Amino acid sequence: MTKSFEIVFAVPMECQSCVDSVSSSLKSLNGISKYDIDLKSNLVTTEGSVPPSEIVKAIQSTGKDAIIRGTGAPNSAAVCILESFDPKDIQQPVKGLARIVSVGANDLVVDLTVNGLPQGVYYPSIRKSGNLSKGALSTGECFYPLGPLEVDQPVSESTTINSLGAASPTVEEGSLYAGQGFLHADLNISDLIGRSVILSKLKDKTAPDSLCGVIARSAGAWENDKQVCSCSGKTVWQERSEALAKGLKS
């Protein structure tokens, strides 16, 4: 059984009706032990064992967007954006996201979502190196194998809500698929930072078309209350709009 952890989301809300809608969406999820909705700060906090991607999807079903602002205790979370290095995907390379949260000593959960891939079983693994100079081929030996991921849900508007990447509009309907898995690893967050995650169609092997990305530390719950980026001067929602244009959906 997955241990409980805290997640903080930024959600644009204007009135009590917005709060009620978000509250109803959270009540429908099994595994959330408690939640708090702060209208003034536009923040939603949950505690439980539900994958972050599923909570994002539930909130977005109300018509509101949701951005994860922090997960777990300080220094207990990481993130990895999975990209394709295949030339045919150059216009939209982002295909997946792994959110990693420590729920105990040597106990991690990995919320892995992918979108816009051929149907089939894929094999994610953590690699020893974070060198992406040759895509997945330069990430080194396997550091830790994760469980297989079934990619079998046809791409649709609902899959792009809580995933990264999107099917090209020129692709025939039904030819690309999405998948989501809640995986476990007997590791610590400190073991992972700077390494990489790959997603391969081949078990125990890396292929040129394998997705890959570097694992980076991410904010714990309440460690990121930024509303405006000090570098760009843009709000989180302006940055969100730019990310959406590049295929980033959550």
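Cβ atoms are placed via backbone N, Cα and C, with glycine included.
As given in Swiss-Prot:
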DOMAIN    4-67  domain 'HMA'
BINDING   Cys15, Cys18  Cu cation 1 binding site
BINDING   Cys229, Cys231  Cu cation 2 binding site
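Shown in sequence order, Leu39 are the residues of the chain, 6+ apart in sequence, with a C-beta less than 8 angstroms from the C-beta of Cys15 (Cu cation 1 binding site). Every protein chain shown contributes to the tally, and the Cβ of Cys18 (Cu cation 1 binding site) ends up with 18 other Cβ atoms within 10 Å.
Each residue in the domain 'HMA' (4-67) gets a DSSP state, and the totals come to 21 helix, 20 strand, 23 coil.
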